[in-house]
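Asker: Structure below; questions to follow.
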Amino acid sequence: QGRILEKTGLCSQITFGRYVRQGRKLGLDPKLFIQDLQFNKVPVRVYQPKATSDEPRRGILFFHGGGWVFGSLDTYEKVCRYLSRESDSVVVSVQYRLAPEHKYPAAYEDCLNATQHFLQHLEHYGVDPARVVVCGDSAGGNLAAAVSQTLAGRSDFPKLRAQILIYPGLQALDFNLPSYQQNRGVPLLFRERAAFFALLYLNGDALHMQEVLEGSHIPPDLRLKYRKWVSPDNIPEEFKVRGVKPLGPTDFIAEVYETVKRFCEPNLCPLLAEDSVVHQLPESFILTCEYDVLRDDGLLYKKRLEDNGVRVTWYHLEDGFHGIISLYDYCGFSFPSGKRGLDSVVNFLKSL
C-alpha cells in the first residue's frame, strides 16, 4: 500500500488531502480577540476573551491533530474558538511544521518552542502562570504528551497545570493491540493509516509499513523490556470482548529496525518514557473513543500515569470514533458525542 501511494504520487495525495481539510475562513468572533503571531518563529493563533477578567486567565496551548501530516490553524478554528469562549481561557493554537516535508522532531520542536515562548510571556496575555495547560487531539495529543514530559523536570519555566490528551497516539511498537484489531477498518483512522502516518512523521516515507504492522520492526529484547508498558495484559478485560486474537511474535528484521529505531524515543512515543519522568507529570485528562484504533494507547497511558501517582480524569465515548472532536460543527454537520467530548474537556478546564 505504501508503494501504491508512491506510484500514484504521494505528494499530490497529501496536497489534495490538505486542501480538502483546510476548513473555511470564519468571520470575526464577537466574544474573542483573535490574532496571528509567531512564537519563537513558529506561527500561532491566539484567542483571547474580550470580556474583562478580575484575575489572570487560564492559558491553553493547543496542538492540532491530522497524523502530523494534515491540519492547520484554520482546520481547528471552530474547536479553538469554542474552547476559548466556553472555558474563558486564552488559547494558543500552534501551526507546527508538517511531515513528510518536515520529519520528526520538527513538529515536536515547534510545539516545545512555542510553549516555552508562551510560558516566558504569560503576563502579556493576562495568563496565570499556575494555570497553563497543554492540549491536543490525535497527533496533537502525542505532541502535548511529549512537550509535557520534556517540561516535567524543568525548574526554569512555570510548571504546567495539566495535560489534555484527546485520543492520542502514543506508541508505534504494537499495531496489534486489541483496539487495532477491533477497529482496523473504522473511519476516520484505519489501522494501516496509523502506521503510515507514524512512518511519514519519522522518516518522510512509508517504506516497511507492512513489517511495522506485523511487528517485525522491534528486537525481542526491547519488546520484552517494554512489555510492562505496552501489552494487551494492561488493557481492562471489558475492552477485549469485541473479538481479539492473541498474535504470535513475527520474525524480527534487523534492517527494518535500523530505519525505525527512533520509535523507541519518548519524544516520539511518549508511552515509553521512564517512570522517573512519568511520575513528575501534571494532572491529566485523557479522552478515548470505543471505535478508535488508538483507544488502547490512551488506556495504556492512563494506567502508566495512575501507577505513578498522577491524577487522571478519564472520559470514554462509548459511541465515539477517531477524529470526532475535529468534526465539531464541521461544514454544518456535527455528532452529539463529539460535542459531549468537547464539553467534557471544557468541564475539566473549568475545574482547574
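Cβ atoms here come from the backbone N, Cα and C positions, even for glycine.
The active site annotation in TrEMBL covers Ser138, Asp292, His322. Taken from TrEMBL, the feature domain 'Alpha/beta hydrolase fold-3' applies to 60-207, 253-325.
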Asker: Taking only same-chain residues 6+ apart in sequence, whose CB is under 8 Å from that of Ser138 (active site), what do you get?
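Answerer: Sequence-distant Cβ neighbours: Gly65, Gly66, Gly67, Ile166, Tyr167, Pro168, Gly169, Leu189, Leu294, His322, Gly323, Ser326.
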Asker: Near Asp292 (active site), which residues of its own chain have a C-beta under 8 A away, given they sit six or more steps off in sequence?
Answerer: Tyr167, Ser179, Asn183, Val186, Leu189, Gly320, Phe321, His322
Asker: Run through the domain 'Alpha/beta hydrolase fold-3' (60-207) and tell me, per DSSP, how many residues are helix, strand and coil.
Answerer: 62 helix, 26 strand, 60 coil
Asker: What's the number of neighbouring CB atoms sitting within 10 A of the CB on His322 (active site)?
Answerer: 27
Asker: Can you give the mean pLDDT for the domain 'Alpha/beta hydrolase fold-3' (253-325), rounded to a whole number?
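Answerer: PLDDT averaged over the stretch: 98.
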